[in-house]
Amino acid sequence: MASNIGSRRRRVFASAPAPVPAAGGEEIAETKNSRRRLEASPAVDAREEATMAYIEAHGGRKDKLLVSSERPRVRVRADALRCLAVPLSRDGPERQITGVLLDAALDLLRRRQAERRRNGRRVLLGSVEEQDWLEYVSSLPPRTTAAHDMSATGAKYLGHDMVLFPVNHQSHFFVAALDVAASEYQILDSSNYGHRFGPKFYDTAMSKIRDGVARCMAAAGRADAGAGGWKLRMVAGLPAQTDDSSCGLFAIKCMELWDGEKLARGFTMDDVHELRRKLAGELIFWELNEMQEVKDEIEFMARKMMMMRSSSSPLRNCGNRVKLATLGGGVCVCY
C-alpha cells in the first residue's frame, strides 16, 4: 500500500486556453492604451511592463520554462503564466490561474512568511497538490494507517494551530482554514458559491479532504479526528470578486492574510488586479528562480523601454501591437 501512496498523481489543471484574437479596433485601442501608460506614467515599472510583454510573446509555448527552482521544487512554464497578461476587458476562462501557478505563488508566500505567527497562531499553508493527496488517502481501505506518509502528514497538521488549504471544486478556488483547536473548517470564499449552487456545494467539495485529514490525524494519534466531527463554517463579510476569473487570486490573498478570526488587513478588487500584474514578475525575479537567461532578457527589454521613455521621439509601430525580436539570444522591443 505504501508503494501506491508514493505513486500518487499530481493534480495539474489545464492551462488557460489560447487567447482569441481580438477585433482590429480593440487591438489598436489596446495598443494605444499601452503606449499612453508608457508615455504618461513614468512611475510605471518598466520591468513589470517588460515582463508582461515577454509573457505575451511566449505565452503560447508549453516548452518554455520561465520559473525553475529545486528547493522548493517549482516549475512554471510560459503557458501557465499567460493568464496574468490577459487584459481585464477579456474576463473569462483564459484569465483563470491554474493550480500550478497558485502553488508557485504559495511557495513564494511560504518563504516570505517563514516562522511568522498570525495572531499568535502557528500557520501551515497547504497546496493544490495536497488536495489530490488527501483525496487519495480518503480512497484507501478503512483502517489503513500503516503508511508513514499518513502519520507524518497528520503530525504536521497537529503541529500547527491553523492549516489553510486551497480547494478547487467545479473549476472554482476557495480556501478552507482548519482551526485545529476548535476542530472546524472555516470556509473563505470570494463569491460564495453556496448561494449559487446550494448549501451542499462545500460539503461535496470538502468531503474527501476532511476524510483524508481525519485519517492522517488518526494515524498520528489524534483519536477524535473523525471527519463527521469537524464542522464547516462559512466566514461572512469577506471581500467579493466582481469578475468570473479571479477566484484563484482571491484564494492567494486569503491565505496570505487570514489569521483565524479576521483578515490581517482588508483588500479590494483593485488589490487583486495589482496581484495579477505583479505575480509574474515576483516569480520570475524570485531569488530562487534559476532561469537567469529569462531574467536577463526581460531586464534588457526594460532598459529599452526606459530609453524610450526618456526620449522625446514618438513611438513607431511594428504593426498594430508592440512586437518582440530575438537578436543573438537576447530579446529587444521594436518600435
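For all residues, glycine too, the Cβ spot is worked out from N, Cα and C.
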Stretch carrying region 'Disordered' according to TrEMBL (options 1-43, 130-172): 1-43
Number of helical, extended and coil residues in the domain 'Ubiquitin-like protease family profile' (160-281), per DSSP: 52 helix, 27 strand, 43 coil
